[in-house]
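Below: the structure, in structure tokens.
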Amino acid sequence: MAELYVKPGNKERGWNDPPQFSYGLQTQTGGPKRTPLTKRVAAPQDGSPRVAASETSGPPPMGPPPPSSNAPRLLPVGSSPAHSVEPMGFPAFESEALIEDVLRPLEQALEDCRGHTRKQVCDDIGRRLALLQEQWTGGKLSTPVKKRMALLVQELSSHQWDAADDIHRSLMVDHVTEVSQWMVGVKRLIAEKRSMSSKKETNEEKSEAAVENRTIPSFQEAL
Amino acid sequence: MMATYLEFIQQNEERDGVRFSWNLWPSSRLEATRMVVPLACLLTPLKDRPDLPPVQYEPVFCSRPTCKAVLNPLCQVDYQAKLWACNFCFQRNQFPPSYAGISEVNQPAELMPQFSTIEYVVQRGPRSPLIFLYVVDTCLEEDDLQALKESLQMSLSLLPLEALVGLITFGRMVQVHELSCEGISKSYVFRGTKDLTAKQIQDMLGLSKPAMPMQQTRPAQPQEHPFVSSRFLQPIHKIDMTLTDLLGELQRDPWPVTQGKRPLRSTGVALSIAVGLLEGTFPNTGARIMLFTGGPPTQGPGLVVGDELKVPIRSWHDIEKDNARFMKKATKHYEMLANRAATNGHCIDIYACALDQTGLLEMKCCTNLTGGHMVMGDSFNTSLFKQTFQRIFSKDFNGDFRMAFGATLEVKTSRELKVSGAIGPCVSLNMKGPCVSENELGVGGTSQWKICGLDPTSTLGIYFEVVNQHNAPVPQGSRGAIQFVTQYQHSSTLKRIRVTTIARNWADVQSQLQLIEAAFDQEAAAVLMARLGVFRAESEEGPDVLRWLDRQLIRLCQKFGQYNKEDPTSFRLSDAFSLYPQFMFHLRRSPFLQVFNNSPDESSYYRHHFARQDLTQSLIMIQPILYSYSFHGPPEPVLLDSSSILADRILLMDTFFQIVIYLGETIAQWQKAGYQDMPEYENFKHLLQAPLDDAQEILQARFPMPRYVHTEHGGSQARFLLSKVNPSQTHNNLYAWGQETGAPILTDDVSLQVFMDHLKKLAVSSAC
């Protein structure tokens, strides 16, 4: 779900700083490797320097490269360049996500938690949601952040805790500067909703079992 | 024969995480010493085994108190009597009651040959949470501090949920932050100049009450009295919001730094307090002390350089001339801390980001003895630091964190062998016994070591001695055996035990030399010898180490080369040895043994990684990989030689620490002319892209993240490639072979050709 992209490194601060991979790319479990680069060539035993196949003497001729139709196929089978892939869009989110669509479910979730979670924690989360709103309406958040927050809220509403958590992590990794102040509140909200929901489930199981115990005798009685 | 052995070696590595220098073992002590390369192995105790689910019961141990080997496929079993015979000490043991149902057709996994490596999960026992103690230098530039703060805030989202986390900040003073959800942040401030004992630290922090281990974390009840010990180390799920704000509010060290001075940085005391805090609250449980620093320690114990900028930090030349006045004392301070941390099972990481040195030379034992990470970068505001740091928290195919803690490795050998020592990120547990040799190599005098921080790539070199006497020949077809038992704390906090039991045939050198030769693993041998060389280099003079290395290589060629005496041109090595001299040639030129091209910190950094990587990565460090991309076919490996630099090729070089992509002259010209944008030259676009994609695959996975150099013929960065390739054409011998091939290198280094010629001369000479 997260975006897959590569950004260049910070050349001003680190010479030869490597490119930066998005969270989505870093957490991809590896598929088949393109070309495992682990082989070596033995030096010739008889001591002569290796003469390369295409030797040129003098400066290289400045003719063009071999055109596509003539050249042998050189791409390893099954490769696909992953350099600078654009963020994966979803058709439903072509238009910019709306603040209400994101904030309302979050505030609702917070309300749900108020009975079960310490007041201080709820207030803290509330403060951070207010900060989120302020930054959003103040135009301080980028489009990818807004997109992903909309996705996160969807997952949260569908009780997909792991997916919501993963999106929160991807936002912290890829956009920490924008989100760090308030994202920890969202993280906590997901955790509280998750723990509430599992408590609810165990209570439901218990009461279901109790109901069953009551109905069976009456069923037998009916017989 | 050769192909079979390569397969055999590979299968064994995949299954057991072990690579031996010799796979057929010389059966007498005398003959073994004449083999030049010792009998030794590289062991990756927690090698990734996605196909090996752990078993949910505990191992069965031999009942002899001086043995306690684990039941394994080499043991003889009497299924009727429910007895098993230990293959190491021959003790007959009764199976426990739970094994009553076993039979020839119903074997437990640990007796099956395909489970020569097996992992057990120990369900019982206390489960302690993992602990992460951040020790943060605040003497950083504004944007560096901001980047570091953000990385630390981000890490709170990556930490295991039940983990405990703590924060110490330092500059001129050292501040230990009390973490409380109540919103009032308190901290204890220490002077950075004064050395403190563990007891003093614990007293001053109010930790003098006996520490009680944290039970399973439960949601905090309002009336619950918090344990004294947990004021400074709180569970992430409770404290993340408070800590996020605390980190966000961190300021640069307020003490002004005047012109011409360095900031006063009390790293020595900060680390001392961190070690003491954990020692007093959570001994013997998995913990990481993570030191983030942007410059050298300039104050207090562990000081590496004074605060006057005009006095530079020590270089190798200074050290050679005995002109590094703080080095010995500082090193001693950090060694003391490292040993204390290791005793408590805690590991120390160092994340050092600065343009100048930060004192990694003096502090290296902190990471090297405990298995902690050493990361070196230019700034915290770089992709190299940010992503390397993220990868600390990477997860495996099961969604578990790869990091593991508190490992003890025990080695058992059959009676013809003893253990001489280990080289890697470990400390000795001083376990004496019948397996321990008096001849030490590396960390010796023990058959048990402790590795406080490790992951699935951590690899130790373990060295053995054949002790069987020459006049007591071993029976035909008999095998020697070794068992490696690694007990550790998995990131799920459950204890696990990984057991690997291997065997190899003994062979008589006189009659079976060719077979022994064919079973030589030149890659493993090269890395094992290299570890020995680098280990020596820490305490011996550089030239002495090189002379020793050369001597061993000459002896090896004398023993295993085919040649006519006094005729160098007749010299040949079999396939099993053909790459070995090249490895030694590149090792001699490597930054592990040639220090004067690097700062002492850089050398320490390179050596740190060399002493713990697995075989494939270690070989890359010794002899970088070079692949050539062209229109003539798929990418192919080429000789690490200047003759591989050609105008119409793209080269990809991997040194482990750098990935270099180099465009040949013609390729660069074509790119400048923009052929890659023309549809009829689409294959040129693919050619340019291919090495980039291969490089990306490496960059995406490697820890630590390498630097990335993209350069071309004539580019200033081309020096990274040129300095690594063997200078077979220098300005001295440019026209020696008539035709100009490849690019000339301007250096007076001895070339591989000269090296090999010299080697052959010495090997065939009767004078040696």
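Counting starts with 1 at the first residue shown.
Backbone N, Cα and C define each Cβ position, glycine as well.
Per TrEMBL, the features are:
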DOMAIN    B:59-99  domain 'Zinc finger Sec23/Sec24-type'
DOMAIN    B:128-393  domain 'Sec23/Sec24 trunk'
DOMAIN    B:404-507  domain 'Sec23/Sec24 beta-sandwich'
DOMAIN    B:521-619  domain 'Sec23/Sec24 helical'
DOMAIN    B:635-721  domain 'Gelsolin-like'
The domain 'Gelsolin-like' (B:635-721) - residue tally per DSSP class, helix then strand then coil: 44 helix, 21 strand, 22 coil
Of B:404-507, B:521-619, B:635-721, whichever stretch has the most CB pairs under 8 A to the domain 'Zinc finger Sec23/Sec24-type' (B:59-99): B:404-507
Maximum Cβ pairs under 8 Å to the domain 'Sec23/Sec24 beta-sandwich' (B:404-507) - stretch from the list B:128-393, B:521-619, B:635-721: B:128-393
The domain 'Sec23/Sec24 beta-sandwich' (B:404-507): DSSP-derived helix, strand, coil residue counts: 0 helix, 59 strand, 45 coil
Secondary structure content, the domain 'Sec23/Sec24 helical' (B:521-619) (per DSSP, counts of residues): 64 helix, 9 strand, 26 coil
Three-state composition of the domain 'Zinc finger Sec23/Sec24-type' (B:59-99), taking helix and strand from DSSP: 3 helix, 11 strand, 27 coil
